[in-house]
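Chemist: My structure is below; once you've seen it, I'll send some questions.
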Amino acid sequence: MIGRRRSGGLAVRSIASRSIAARSPKLTASRRVTSSRGPLPSLAEPLPSPLTTGRHSTLGHSGCPALTKATSANVSRVPIASRPSSTSSRPPSTSSVRSVTSQRSTFVANKTIAAPARVRPVGRASVPVITRQPSQVDVLKAKVAAMEKDIVEKDERLQMAKETAEMQKESIEMYKERLEVMSTKVDALNVQVDVLKTESSHLKAEDEQKEVRIGELTSQLNEKESIMRKLHNDVVDLRGQIRVVVRVRPMLRSEVETSVSAIEYPTINSIIVNQGSKSSGAMTFEKVFTPIFTQSQVFCEIEDFILSALHGYNVGLIAFGQTGSGKTHTMRGGDGENEGIIPRAASFLFSASKQLEATGWQFQFSLSFLEIYNNEAYDLLNNHNVVKLRLVKETVSLDGLSEHPLKKQSDMAVLLRTADSNRKTASTKCNEYSSRSHAIYMWKIKAEQKSTGISTNSVLKLVDLAGSERAKESGVVGQQFKEMTNINQSLSVLQKCVSMQKSKSSHVPYRDSKLTQVLMDCLGRGNSKTMVMVNITPCEEQATESKRSIEFAAKMRDTHIGSAVQQRDQ
Ligand SMILES: Nc1ncnc2c1ncn2[C@@H]1O[C@H](COP(=O)(O)OP(=O)(O)OP(=O)(O)O)[C@@H](O)[C@H]1O
């Protein structure tokens, strides 16, 4: 009976403990920790409850002595085998049994604290230690306390969230206000933009009108200019004069820091060269190309003159000037925008001939390149073969000079490359790439119009003369000195011929040099429209040479060579 009650009590206790464990995993965990590390001191000690001390301890829970006694009896009857192992080796002493009994009774009095009995070593003997389990009330109290704490925390968080929300609300209000201010500004700006748009469309319309007007005036101006140029050409042709244009090259990078310009441009087509205190005085020419003129602008000004060759006239364009003054740049030039007159003339002649083909004209072009070096003539397109010059009456025959047909524009580039590589150059102190020979590019142009039966044979000569230079300044010796002497001698004959032609002398010494023999038809013996492009440098140090060049240019300008006539086949 007692045993049943005990086992029933234990069963109640274990169910209770199980149910607490189930509801409170934390508690179970703590109990596991307790069992593995030994009894917790708080649970190992008799509970400091009034139930365990004084008279209450004997009365047990709710003052029930019967239950306490029965429990004591139960404990004393626990078989040794079922007691903790630490006690099985030695029978418990009377005192320890008493202690166990008293603890057990306390344990029973607390009843719901379902901790397993443990044995605590006391001295050499071990006594079972009874730990207690929290009652449901305690658990619930703890839960309530935890929940209260949780509620307090949540209250605090809620409060904080409310405050944050309040602040955000204020910020939103602030942003709303700013937004309003901004949108007012945007509205004002939009109004301004509309005003400006209207103004700009008015201005655009005005600009367009002005541009149309400028276009009209420009085309009127161009028309008038071309009429004037034609009239001027006609006058010059009728007067049979050499046309003279001057080109001043820009200062080179190496000169900009060390030199100043000696050139002035008093009017659009006049020029003054200042040589220290002396001045050339203003001299007017058909055209003065200042350093700002590009290669294409220069060509634009002379293309009508070149066109005469397609119309059946002999045409000669000669670049003259001291060494390094820009003759080769003007005539041959570089690539692309830097192309000079010779390659540009090729493109121009091909495109102009295409236009004339629309009126029934047919053209055939052929090209020869002649070089005069040390007073000898060579073929630049045929292995640099010697060319023999023969004077036949008033004309010169060039024996052995090869002629190369030009079918299309790209043929010109191939021939130019061959000629360039053959052209003799040598470096001097005056101009590192100075060409040491006169180069004469000759186009033979055959034109025919079947409907009228008219045919012409004309020659276009494009001449890049070697540069004159003073022996003292150049500092050349040996072969280069010989070259320079020959160049200067041929140029001096050229100047003499021009002077004597100008003074209408009965004897003009064309035979004195190969150069003047080849250019004879351009300088008065023959039938040619001639233009001389005098190149000068702007540098003060070269002012003496520049002044000499434009003085010679003025002499040529005033030279009468006779009016050119169309070269019709009989
Ligand atoms: N209009 C120009 N614009 C820019 N550079 C130029 C111009 N004219 C000439 N030059 C430059 O000046 C230098 C001398 O020019 P260039 O070789 O044509 O002189 P040149 O009169 O032919 O000399 P030479 O008689 O010794 O052959 C070159 O470097 C050339 O590129």
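Each Cβ is built from the backbone N, Cα and C atoms, and glycine gets one as well.
Sequence annotations record features per position, and here TrEMBL assigns ATP binding site to GLY321, GLN322, THR323, GLY324, SER325, GLY326, LYS327, THR328. TrEMBL lists 137-192 with the feature coiled coil. If you look up TrEMBL, you'll see 13-24, 82-103 marked as compositional bias 'Low complexity'. The domain 'Kinesin motor' annotation in TrEMBL covers 241-559. Annotation source TrEMBL lists region 'Disordered' at 1-103.
Map these features onto the structure and tell me what's around them.
Modeler: Counting every protein chain shown, the Cβ of GLN322 (ATP binding site) has 25 other Cβ atoms within 10 Å. The DSSP secondary structure for GLN322 (ATP binding site) is strand.
Confidence annotation: the coiled coil (137-192) carries a mean pLDDT of 94 in the model.
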Chemist: Do you know which of the binding-site residues GLN322, THR323, LYS327 end up with C-beta under 6 Å from ligand 1?
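Modeler: So the answer is THR323, LYS327.
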Chemist: What is the Cβ neighbour count of GLY324 (ATP binding site) at a 10 Å cut-off, with all protein chains included?
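Modeler: Here the count is 23.
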Chemist: In the structure shown, with every protein chain counted, which of the binding-site residues GLY321, GLY326 has the densest set of Cβ atoms within 10 angstroms of its Cβ?
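Modeler: Compared across GLY321, GLY326, the most Cβ atoms within 10 Å surround GLY321.
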Chemist: Around SER325 (ATP binding site), how many other C-beta atoms are within 10 angstroms of its C-beta?
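Modeler: Result for SER325 (ATP binding site): 27 neighbouring Cβ atoms inside 10 Å.
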Chemist: Sorted by position, what residues of the same chain at least six away from LYS327 (ATP binding site) have a C-beta under 8 A from it?
Modeler: ALA319, PHE320, GLY321, ASP464, LEU465, GLY467, MET533, ASN535
Chemist: By a simple count, how many Cβ atoms lie within 10 Å of the Cβ of THR323 (ATP binding site), its own Cβ left out?
Modeler: 24
